[in-house]
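As annotated by TrEMBL, domain 'Blue (type 1) copper' applies to 116-158. Per TrEMBL, the feature domain 'Plastocyanin-like' maps to 205-309. For His246, His251, His286, Cys287, His295, Met300, His443, the entry in TrEMBL reads Cu cation binding site.
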Amino acid sequence: MHFAGLRNEEDRENVIAYLKQAVNAFPRHAPVSPEGTKLQQVNSTESVAAYTPDLTLTLKTGIAEGRLVFIGVGADIEGEVNPTLEVHKGEVVQINLVNGEGTTHDIFFPEFNARSEQVTTSGSSTTLALRATSAGEFTYYCTLPGHREAGMEGRLLVRETPREELAKARDIVRNPNDVPQPVGDRESKKLELGLEAVELEGELAEGTTYHYWTFNGTVPGPLLRVRVGDTVKLKFANDIDSDIIHSVDLHAVTGPGGGAAYLQVPPGEEKSITFKALIPGLYVYHCATPMVAHHIANGMYGMILVEPEGGLPPVDREYYVMQGEIYTQASFGKKGRQEFSVEKLLDESPEYFVFNGATGALTQDYPLHAKVGETIRIFFGVGGPNLTSSFHIIGEIFDRVHEWGGLRNRPVEGIQTVPVAPGGAAIVELELEIPGKYILVDHALSRMERGLRGFLYAEGKEKPAIYQTGASFESDDRHPIRR
Ligand SMILES: [Cu+2]
(Lines of atoms letter the chains of each structure in order from A and count residues from 1; the text may use other names and numbers.)
(Lines give C-alpha, C1' and ligand atoms only; values in the text may rest on other atoms or scores of the structure.)
Protein backbone atom coordinates (compact mmCIF):
# COMPACT_ATOMS: atom_id res chain seq x y z
CA MET A 1 0.00 0.00 0.00
CA HIS A 2 1.18 3.48 -0.86
CA PHE A 3 0.84 6.67 1.21
CA ALA A 4 1.90 9.84 -0.51
CA GLY A 5 0.81 11.76 2.57
CA LEU A 6 -2.50 12.25 4.30
CA ARG A 7 -4.68 14.74 2.54
CA ASN A 8 -8.15 13.90 3.74
CA GLU A 9 -10.22 11.77 6.06
CA GLU A 10 -10.29 8.88 3.60
CA ASP A 11 -6.46 8.80 3.44
CA ARG A 12 -6.41 8.73 7.21
CA GLU A 13 -8.87 5.86 7.42
CA ASN A 14 -6.88 3.94 4.83
CA VAL A 15 -3.73 4.29 6.90
CA ILE A 16 -5.48 3.19 10.05
CA ALA A 17 -7.06 0.18 8.29
CA TYR A 18 -3.67 -0.70 6.86
CA LEU A 19 -1.98 -0.43 10.22
CA LYS A 20 -4.58 -2.59 11.92
CA GLN A 21 -3.99 -5.31 9.41
CA ALA A 22 -0.22 -4.74 9.58
CA VAL A 23 -0.12 -5.21 13.35
CA ASN A 24 -1.29 -8.78 12.88
CA ALA A 25 1.12 -9.48 10.03
CA PHE A 26 4.38 -8.05 11.35
CA PRO A 27 7.19 -10.31 12.45
CA ARG A 28 8.91 -9.12 15.58
CA HIS A 29 12.68 -9.12 15.72
CA ALA A 30 13.26 -6.07 17.83
CA PRO A 31 16.16 -6.05 20.28
CA VAL A 32 15.48 -7.08 23.87
CA SER A 33 16.41 -4.42 26.38
CA PRO A 34 19.18 -5.29 28.80
CA GLU A 35 18.52 -5.75 32.51
CA GLY A 36 18.39 -2.54 34.53
CA THR A 37 17.32 -0.08 31.87
CA LYS A 38 14.76 2.29 33.23
CA LEU A 39 12.34 1.58 30.45
CA GLN A 40 12.02 -1.61 28.58
CA GLN A 41 11.00 -2.76 25.21
CA VAL A 42 8.37 -5.44 25.47
CA ASN A 43 10.15 -8.74 24.98
CA SER A 44 10.16 -9.32 21.27
CA THR A 45 10.06 -13.07 21.58
CA GLU A 46 6.52 -12.75 22.91
CA SER A 47 3.93 -13.17 20.24
CA VAL A 48 1.67 -10.28 19.33
CA ALA A 49 -1.01 -11.82 21.46
CA ALA A 50 1.27 -11.85 24.52
CA TYR A 51 0.82 -8.14 25.20
CA THR A 52 -2.10 -5.83 24.86
CA PRO A 53 -0.98 -2.27 24.35
CA ASP A 54 -2.60 0.30 26.64
CA LEU A 55 -2.34 2.71 23.78
CA THR A 56 -1.14 2.78 20.20
CA LEU A 57 0.53 5.80 18.67
CA THR A 58 1.30 6.24 15.00
CA LEU A 59 4.04 8.39 13.51
CA LYS A 60 4.52 9.02 9.82
CA THR A 61 7.78 10.32 8.36
CA GLY A 62 7.51 13.46 6.29
CA ILE A 63 8.80 16.91 5.49
CA ALA A 64 7.56 20.03 7.27
CA GLU A 65 9.00 23.53 7.07
CA GLY A 66 11.85 22.17 4.97
CA ARG A 67 12.93 19.64 7.61
CA LEU A 68 12.67 15.89 7.90
CA VAL A 69 10.22 15.15 10.73
CA PHE A 70 7.90 12.67 12.38
CA ILE A 71 4.24 13.60 12.02
CA GLY A 72 1.56 12.37 14.41
CA VAL A 73 -1.36 10.37 12.98
CA GLY A 74 -4.72 10.13 14.71
CA ALA A 75 -6.13 11.02 18.12
CA ASP A 76 -4.38 13.70 20.15
CA ILE A 77 -1.28 13.97 17.98
CA GLU A 78 -2.94 14.26 14.57
CA GLY A 79 -0.84 16.45 12.27
CA GLU A 80 1.62 17.43 15.00
CA VAL A 81 5.25 17.73 14.00
CA ASN A 82 7.57 15.65 16.21
CA PRO A 83 4.73 15.24 18.72
CA THR A 84 5.43 14.72 22.40
CA LEU A 85 4.22 11.18 23.04
CA GLU A 86 2.45 11.11 26.38
CA VAL A 87 2.04 7.86 28.28
CA HIS A 88 1.53 6.88 31.90
CA LYS A 89 3.89 4.90 34.09
CA GLY A 90 3.36 1.15 33.74
CA GLU A 91 1.68 1.35 30.38
CA VAL A 92 2.62 -0.64 27.30
CA VAL A 93 2.67 1.63 24.30
CA GLN A 94 2.76 0.39 20.72
CA ILE A 95 4.47 2.70 18.24
CA ASN A 96 3.62 2.35 14.56
CA LEU A 97 6.05 3.98 12.16
CA VAL A 98 4.85 4.68 8.63
CA ASN A 99 7.17 5.81 5.86
CA GLY A 100 5.49 8.88 4.39
CA GLU A 101 7.97 10.06 1.79
CA GLY A 102 10.23 7.23 0.61
CA THR A 103 13.56 7.80 2.36
CA THR A 104 14.79 5.04 4.68
CA HIS A 105 14.06 5.72 8.36
CA ASP A 106 13.68 4.08 11.73
CA ILE A 107 12.70 5.23 15.22
CA PHE A 108 14.92 4.83 18.26
CA PHE A 109 14.11 5.31 21.95
CA PRO A 110 17.61 5.43 23.49
CA GLU A 111 16.48 5.21 27.13
CA PHE A 112 14.51 2.07 26.22
CA ASN A 113 17.36 0.80 24.11
CA ALA A 114 14.57 0.15 21.62
CA ARG A 115 15.02 0.56 17.91
CA SER A 116 12.47 -0.20 15.23
CA GLU A 117 13.22 -1.93 11.99
CA GLN A 118 13.87 0.33 9.04
CA VAL A 119 11.08 1.47 6.79
CA THR A 120 12.64 1.77 3.37
CA THR A 121 9.93 2.63 0.88
CA SER A 122 7.05 5.03 0.87
CA GLY A 123 4.07 3.37 2.50
CA SER A 124 6.04 0.67 4.32
CA SER A 125 5.63 0.50 8.05
CA THR A 126 6.85 -1.21 11.19
CA THR A 127 5.83 -1.41 14.78
CA LEU A 128 7.43 -1.77 18.20
CA ALA A 129 6.17 -1.87 21.75
CA LEU A 130 7.60 -0.36 24.93
CA ARG A 131 6.74 -0.60 28.59
CA ALA A 132 7.11 2.69 30.51
CA THR A 133 8.52 1.47 33.80
CA SER A 134 9.44 4.86 35.25
CA ALA A 135 8.22 8.41 34.95
CA GLY A 136 10.21 11.11 33.24
CA GLU A 137 11.10 12.78 30.00
CA PHE A 138 12.77 10.73 27.29
CA THR A 139 13.66 11.14 23.64
CA TYR A 140 13.06 9.45 20.33
CA TYR A 141 14.79 10.03 17.01
CA CYS A 142 15.69 8.50 13.65
CA THR A 143 19.14 6.84 13.68
CA LEU A 144 19.83 7.14 9.94
CA PRO A 145 22.92 9.35 9.49
CA GLY A 146 22.00 13.04 9.63
CA HIS A 147 18.26 12.51 10.11
CA ARG A 148 18.17 13.45 13.78
CA GLU A 149 20.09 16.64 13.00
CA ALA A 150 17.72 17.30 10.10
CA GLY A 151 14.82 17.42 12.53
CA MET A 152 13.63 13.86 13.24
CA GLU A 153 13.57 14.07 17.01
CA GLY A 154 10.86 14.28 19.67
CA ARG A 155 10.03 13.66 23.32
CA LEU A 156 8.38 10.81 25.16
CA LEU A 157 6.75 11.95 28.38
CA VAL A 158 5.95 9.27 30.95
CA ARG A 159 3.56 10.67 33.55
CA GLU A 160 3.71 9.42 37.12
CA THR A 161 -0.02 9.60 37.83
CA PRO A 162 -1.90 6.58 36.49
CA ARG A 163 -4.24 7.36 33.62
CA GLU A 164 -7.42 6.47 35.54
CA GLU A 165 -6.45 8.67 38.49
CA LEU A 166 -5.65 11.63 36.29
CA ALA A 167 -8.89 11.16 34.40
CA LYS A 168 -10.69 11.45 37.72
CA ALA A 169 -8.60 14.44 38.85
CA ARG A 170 -9.95 17.64 37.39
CA ASP A 171 -8.22 20.88 36.69
CA ILE A 172 -9.13 22.99 39.72
CA VAL A 173 -6.97 25.96 38.72
CA ARG A 174 -8.73 29.31 38.38
CA ASN A 175 -7.62 31.15 35.26
CA PRO A 176 -6.28 34.54 36.46
CA ASN A 177 -7.76 36.13 33.32
CA ASP A 178 -11.20 35.12 34.55
CA VAL A 179 -12.26 38.58 35.70
CA PRO A 180 -15.81 39.94 35.18
CA GLN A 181 -16.44 43.15 33.22
CA PRO A 182 -15.90 46.41 35.14
CA VAL A 183 -19.13 47.93 36.52
CA GLY A 184 -18.30 51.22 34.81
CA ASP A 185 -20.42 54.30 35.34
CA ARG A 186 -23.77 52.68 36.10
CA GLU A 187 -26.19 53.42 38.93
CA SER A 188 -26.53 50.96 41.81
CA LYS A 189 -29.02 48.17 41.17
CA LYS A 190 -30.42 44.86 42.39
CA LEU A 191 -28.72 41.70 41.14
CA GLU A 192 -28.45 37.97 41.78
CA LEU A 193 -25.25 35.98 42.19
CA GLY A 194 -24.68 32.30 42.84
CA LEU A 195 -22.00 30.13 44.42
CA GLU A 196 -21.85 26.37 44.71
CA ALA A 197 -19.73 24.19 46.98
CA VAL A 198 -18.10 21.37 45.00
CA GLU A 199 -15.82 18.67 46.44
CA LEU A 200 -13.54 17.09 43.87
CA GLU A 201 -10.25 15.38 43.18
CA GLY A 202 -7.87 17.89 41.59
CA GLU A 203 -4.34 18.03 40.32
CA LEU A 204 -2.18 19.78 42.93
CA ALA A 205 1.13 19.31 41.10
CA GLU A 206 2.45 17.26 38.19
CA GLY A 207 1.65 13.68 39.19
CA THR A 208 0.08 14.71 42.50
CA THR A 209 -3.62 14.90 43.31
CA TYR A 210 -5.58 16.16 46.29
CA HIS A 211 -9.21 16.10 47.36
CA TYR A 212 -10.20 19.77 47.15
CA TRP A 213 -13.26 21.53 48.49
CA THR A 214 -14.08 24.47 46.23
CA PHE A 215 -16.51 27.16 45.22
CA ASN A 216 -17.69 26.38 41.67
CA GLY A 217 -14.99 23.75 41.04
CA THR A 218 -11.92 25.99 41.06
CA VAL A 219 -9.49 27.56 43.52
CA PRO A 220 -10.08 30.36 44.18
CA GLY A 221 -13.82 30.49 43.53
CA PRO A 222 -15.09 33.07 41.02
CA LEU A 223 -14.37 36.77 41.43
CA LEU A 224 -17.72 38.43 42.15
CA ARG A 225 -17.96 42.05 40.98
CA VAL A 226 -20.58 44.55 42.12
CA ARG A 227 -20.93 48.30 42.72
CA VAL A 228 -21.25 50.09 46.02
CA GLY A 229 -24.95 50.53 46.81
CA ASP A 230 -25.95 47.36 44.91
CA THR A 231 -28.42 45.04 46.61
CA VAL A 232 -27.28 41.47 46.02
CA LYS A 233 -29.27 38.28 46.36
CA LEU A 234 -26.67 35.56 46.88
CA LYS A 235 -27.81 32.00 46.32
CA PHE A 236 -25.50 29.41 47.86
CA ALA A 237 -25.89 25.75 46.86
CA ASN A 238 -24.06 22.66 48.06
CA ASP A 239 -23.49 20.01 45.38
CA ILE A 240 -25.51 16.81 45.83
CA ASP A 241 -22.27 14.77 45.68
CA SER A 242 -20.70 16.62 48.62
CA ASP A 243 -19.99 14.64 51.78
CA ILE A 244 -20.44 17.49 54.24
CA ILE A 245 -22.08 20.84 55.00
CA HIS A 246 -20.51 23.99 53.56
CA SER A 247 -21.22 27.69 53.86
CA VAL A 248 -20.06 31.14 52.79
CA ASP A 249 -18.90 34.16 54.78
CA LEU A 250 -18.38 37.24 52.60
CA HIS A 251 -16.27 39.97 54.18
CA ALA A 252 -18.24 42.50 52.10
CA VAL A 253 -21.42 41.54 53.95
CA THR A 254 -22.52 43.36 57.08
CA GLY A 255 -24.54 40.84 59.09
CA PRO A 256 -24.06 37.77 61.34
CA GLY A 257 -21.18 35.63 60.08
CA GLY A 258 -20.99 37.65 56.86
CA GLY A 259 -23.91 35.44 55.84
CA ALA A 260 -22.46 32.23 57.24
CA ALA A 261 -24.67 32.25 60.34
CA TYR A 262 -27.57 31.44 58.00
CA LEU A 263 -25.88 29.94 54.95
CA GLN A 264 -24.90 26.53 56.39
CA VAL A 265 -26.10 24.24 53.61
CA PRO A 266 -26.21 20.41 53.60
CA PRO A 267 -25.37 18.47 50.42
CA GLY A 268 -28.02 18.85 47.70
CA GLU A 269 -29.66 21.92 49.24
CA GLU A 270 -29.46 25.69 48.75
CA LYS A 271 -30.15 28.90 50.67
CA SER A 272 -30.09 32.62 49.91
CA ILE A 273 -29.30 35.89 51.63
CA THR A 274 -29.76 39.43 50.39
CA PHE A 275 -27.25 42.13 51.33
CA LYS A 276 -26.38 45.67 50.41
CA ALA A 277 -22.77 46.42 49.41
CA LEU A 278 -22.00 49.33 51.73
CA ILE A 279 -18.29 50.04 51.37
CA PRO A 280 -16.17 49.82 48.21
CA GLY A 281 -13.18 47.49 48.37
CA LEU A 282 -11.80 44.08 47.51
CA TYR A 283 -13.01 41.44 49.98
CA VAL A 284 -12.33 37.77 50.64
CA TYR A 285 -15.14 35.26 50.93
CA HIS A 286 -14.66 31.77 52.35
CA CYS A 287 -16.42 28.77 53.76
CA ALA A 288 -17.10 29.16 57.47
CA THR A 289 -18.15 25.67 58.50
CA PRO A 290 -16.16 24.15 61.40
CA MET A 291 -13.30 23.38 61.31
CA VAL A 292 -13.17 26.59 59.26
CA ALA A 293 -9.39 26.44 58.73
CA HIS A 294 -9.81 22.97 57.22
CA HIS A 295 -12.43 24.17 54.73
CA ILE A 296 -10.27 27.13 53.70
CA ALA A 297 -7.10 25.06 53.43
CA ASN A 298 -8.92 22.66 51.12
CA GLY A 299 -9.64 25.54 48.74
CA MET A 300 -12.85 27.23 49.84
CA TYR A 301 -12.05 30.90 49.29
CA GLY A 302 -12.53 33.59 46.67
CA MET A 303 -13.08 37.35 46.45
CA ILE A 304 -15.80 39.91 45.86
CA LEU A 305 -14.93 43.33 44.46
CA VAL A 306 -17.21 46.21 45.41
CA GLU A 307 -16.40 49.02 42.97
CA PRO A 308 -16.79 52.66 43.98
CA GLU A 309 -19.25 55.07 42.38
CA GLY A 310 -18.11 55.68 38.80
CA GLY A 311 -16.08 52.43 38.81
CA LEU A 312 -12.34 51.86 39.03
CA PRO A 313 -10.21 53.76 36.49
CA PRO A 314 -9.84 51.68 33.32
CA VAL A 315 -6.62 49.67 32.80
CA ASP A 316 -5.38 47.50 29.93
CA ARG A 317 -5.41 44.20 31.82
CA GLU A 318 -6.88 42.86 35.04
CA TYR A 319 -5.87 39.66 36.79
CA TYR A 320 -7.24 37.65 39.70
CA VAL A 321 -4.71 35.88 41.90
CA MET A 322 -5.08 34.26 45.34
CA GLN A 323 -2.58 32.59 47.62
CA GLY A 324 -3.32 29.53 49.71
CA GLU A 325 -1.71 26.80 51.77
CA ILE A 326 -2.18 23.04 51.45
CA TYR A 327 -1.48 20.66 54.31
CA THR A 328 -0.66 17.13 53.18
CA GLN A 329 0.52 14.20 55.26
CA ALA A 330 3.39 13.39 52.89
CA SER A 331 6.17 15.88 52.19
CA PHE A 332 6.11 18.35 49.33
CA GLY A 333 6.81 16.68 46.00
CA LYS A 334 5.41 13.23 46.78
CA LYS A 335 3.58 11.78 43.77
CA GLY A 336 0.14 10.24 43.78
CA ARG A 337 -2.95 11.04 45.81
CA GLN A 338 -2.20 13.12 48.93
CA GLU A 339 -4.10 13.03 52.21
CA PHE A 340 -4.93 16.05 54.38
CA SER A 341 -3.01 16.46 57.66
CA VAL A 342 -4.88 18.08 60.54
CA GLU A 343 -1.68 18.10 62.64
CA LYS A 344 0.18 20.19 60.07
CA LEU A 345 -2.83 22.50 59.75
CA LEU A 346 -2.89 23.13 63.50
CA ASP A 347 0.89 23.65 63.45
CA GLU A 348 0.42 26.13 60.58
CA SER A 349 3.08 24.21 58.71
CA PRO A 350 1.89 23.63 55.12
CA GLU A 351 3.65 21.39 52.63
CA TYR A 352 2.44 23.38 49.60
CA PHE A 353 1.92 27.06 48.90
CA VAL A 354 -0.11 27.80 45.78
CA PHE A 355 -1.27 30.67 43.62
CA ASN A 356 -4.69 29.86 42.13
CA GLY A 357 -4.96 26.37 43.54
CA ALA A 358 -2.01 24.36 42.24
CA THR A 359 1.73 24.56 41.71
CA GLY A 360 2.28 25.60 38.11
CA ALA A 361 -1.10 27.39 37.89
CA LEU A 362 0.55 30.69 36.99
CA THR A 363 3.75 29.29 35.46
CA GLN A 364 2.59 26.43 33.23
CA ASP A 365 -1.19 26.65 32.97
CA TYR A 366 -1.88 30.38 32.87
CA PRO A 367 1.21 32.60 32.99
CA LEU A 368 0.28 36.28 32.79
CA HIS A 369 1.03 38.12 29.55
CA ALA A 370 1.20 41.84 28.84
CA LYS A 371 2.85 44.35 26.55
CA VAL A 372 5.33 47.01 27.50
CA GLY A 373 3.45 50.26 28.13
CA GLU A 374 0.26 48.56 29.29
CA THR A 375 -1.26 49.16 32.70
CA ILE A 376 -1.96 46.05 34.73
CA ARG A 377 -4.17 45.64 37.78
CA ILE A 378 -3.96 42.56 39.95
CA PHE A 379 -6.70 41.70 42.41
CA PHE A 380 -4.61 39.84 44.94
CA GLY A 381 -5.92 38.07 48.01
CA VAL A 382 -4.87 35.52 50.59
CA GLY A 383 -7.19 32.63 51.36
CA GLY A 384 -4.59 31.21 53.69
CA PRO A 385 -5.91 30.07 56.07
CA ASN A 386 -2.93 31.04 58.22
CA LEU A 387 0.02 32.82 56.67
CA THR A 388 0.51 36.42 55.59
CA SER A 389 1.86 36.96 52.09
CA SER A 390 4.61 39.47 51.29
CA PHE A 391 3.42 39.94 47.73
CA HIS A 392 6.14 41.07 45.34
CA ILE A 393 6.91 40.96 41.62
CA ILE A 394 10.60 40.35 41.01
CA GLY A 395 11.92 43.09 38.71
CA GLU A 396 9.00 45.48 39.11
CA ILE A 397 7.73 48.21 41.43
CA PHE A 398 4.00 48.64 42.06
CA ASP A 399 2.96 52.08 40.83
CA ARG A 400 -0.16 52.11 43.00
CA VAL A 401 -1.40 49.88 45.81
CA HIS A 402 -4.80 49.96 47.44
CA GLU A 403 -3.62 48.67 50.80
CA TRP A 404 -5.76 46.07 52.53
CA GLY A 405 -8.02 46.11 49.49
CA GLY A 406 -9.64 49.34 50.66
CA LEU A 407 -11.10 51.67 48.03
CA ARG A 408 -12.16 54.61 50.18
CA ASN A 409 -8.68 56.11 50.33
CA ARG A 410 -6.23 57.08 47.62
CA PRO A 411 -3.72 54.37 46.78
CA VAL A 412 -0.16 54.49 48.08
CA GLU A 413 2.46 54.82 45.35
CA GLY A 414 5.83 53.32 44.49
CA ILE A 415 5.75 50.15 46.58
CA GLN A 416 8.08 47.12 46.42
CA THR A 417 6.34 44.51 48.60
CA VAL A 418 2.79 44.40 49.92
CA PRO A 419 1.89 42.51 53.08
CA VAL A 420 -1.48 40.79 52.64
CA ALA A 421 -3.04 39.07 55.63
CA PRO A 422 -5.05 35.84 55.47
CA GLY A 423 -8.62 36.90 54.78
CA GLY A 424 -7.22 40.10 53.31
CA ALA A 425 -6.54 41.59 49.91
CA ALA A 426 -4.72 44.30 47.97
CA ILE A 427 -5.26 45.88 44.58
CA VAL A 428 -1.90 46.50 42.91
CA GLU A 429 -1.30 48.37 39.67
CA LEU A 430 1.82 48.52 37.58
CA GLU A 431 2.98 49.61 34.19
CA LEU A 432 5.64 47.53 32.43
CA GLU A 433 8.61 49.41 30.99
CA ILE A 434 11.00 46.64 29.97
CA PRO A 435 10.27 43.39 28.11
CA GLY A 436 11.12 40.10 29.80
CA LYS A 437 9.96 37.61 32.37
CA TYR A 438 8.85 38.81 35.79
CA ILE A 439 8.10 36.53 38.72
CA LEU A 440 5.19 36.84 41.13
CA VAL A 441 6.24 35.71 44.58
CA ASP A 442 5.59 35.87 48.27
CA HIS A 443 8.91 37.41 49.39
CA ALA A 444 9.01 34.83 52.18
CA LEU A 445 10.93 33.02 49.47
CA SER A 446 11.17 29.59 51.07
CA ARG A 447 7.58 29.26 49.89
CA MET A 448 8.77 29.46 46.28
CA GLU A 449 10.41 26.08 46.89
CA ARG A 450 7.00 24.74 47.92
CA GLY A 451 5.24 25.70 44.71
CA LEU A 452 4.52 29.42 45.10
CA ARG A 453 5.44 31.38 41.99
CA GLY A 454 3.87 32.90 38.91
CA PHE A 455 5.26 34.31 35.69
CA LEU A 456 4.43 37.59 33.99
CA TYR A 457 5.77 37.86 30.45
CA ALA A 458 6.15 41.34 29.01
CA GLU A 459 6.59 41.81 25.29
CA GLY A 460 7.77 44.95 23.57
CA LYS A 461 10.71 47.15 22.77
CA GLU A 462 13.80 47.45 24.91
CA LYS A 463 14.37 50.79 26.61
CA PRO A 464 18.12 51.10 27.16
CA ALA A 465 17.63 54.44 28.93
CA ILE A 466 15.88 52.52 31.73
CA TYR A 467 17.64 49.15 31.62
CA GLN A 468 20.47 47.58 29.63
CA THR A 469 22.97 44.84 30.21
CA GLY A 470 26.73 44.86 29.70
CA ALA A 471 26.74 48.29 28.08
CA SER A 472 29.67 50.67 27.85
CA PHE A 473 29.05 53.61 30.08
CA GLU A 474 30.51 56.98 30.85
CA SER A 475 29.95 58.35 34.31
CA ASP A 476 28.97 61.98 34.84
CA ASP A 477 31.05 61.88 37.98
CA ARG A 478 34.64 63.02 37.33
CA HIS A 479 35.89 61.10 40.33
CA PRO A 480 34.00 57.85 40.23
CA ILE A 481 34.47 55.35 42.98
CA ARG A 482 36.80 52.67 41.71
CA ARG A 483 37.33 49.17 42.95
CU1 LIG B 1 -16.82 24.22 53.41
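Cβ atoms here come from the backbone N, Cα and C positions, even for glycine.
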Worksheet item: Tell me, how many other CB atoms lie within 10 A of the CB of His443 (Cu cation binding site), whichever protein chain they belong to?
Response: 16
Discussion item. Would you identify which of the binding-site residues His251, His295 has the most other C-beta atoms lying within 10 angstroms of its C-beta?
Written reply: His295
Discussion item. Tell me which of the binding-site residues Cys287, Met300 sits in the most Cβ-dense spot, judged by other Cβ atoms within 10 Å.
Written reply: Met300
Worksheet, complete the sentence: Listed in sequence order, the residues of the same chain lying six or more positions from His286 (Cu cation binding site) whose CB sits under 8 Å from its CB are Val248, Asp249, Val292, His295, Ile296, Met300, Tyr301, Gly302, Gly383, Pro385, Gly423
Item to complete: Around ligand 1, within a Cβ distance of under 6 Å, which of the binding-site residues His246, His251, His286, Met300, His443 show up?
Response: His246, Met300
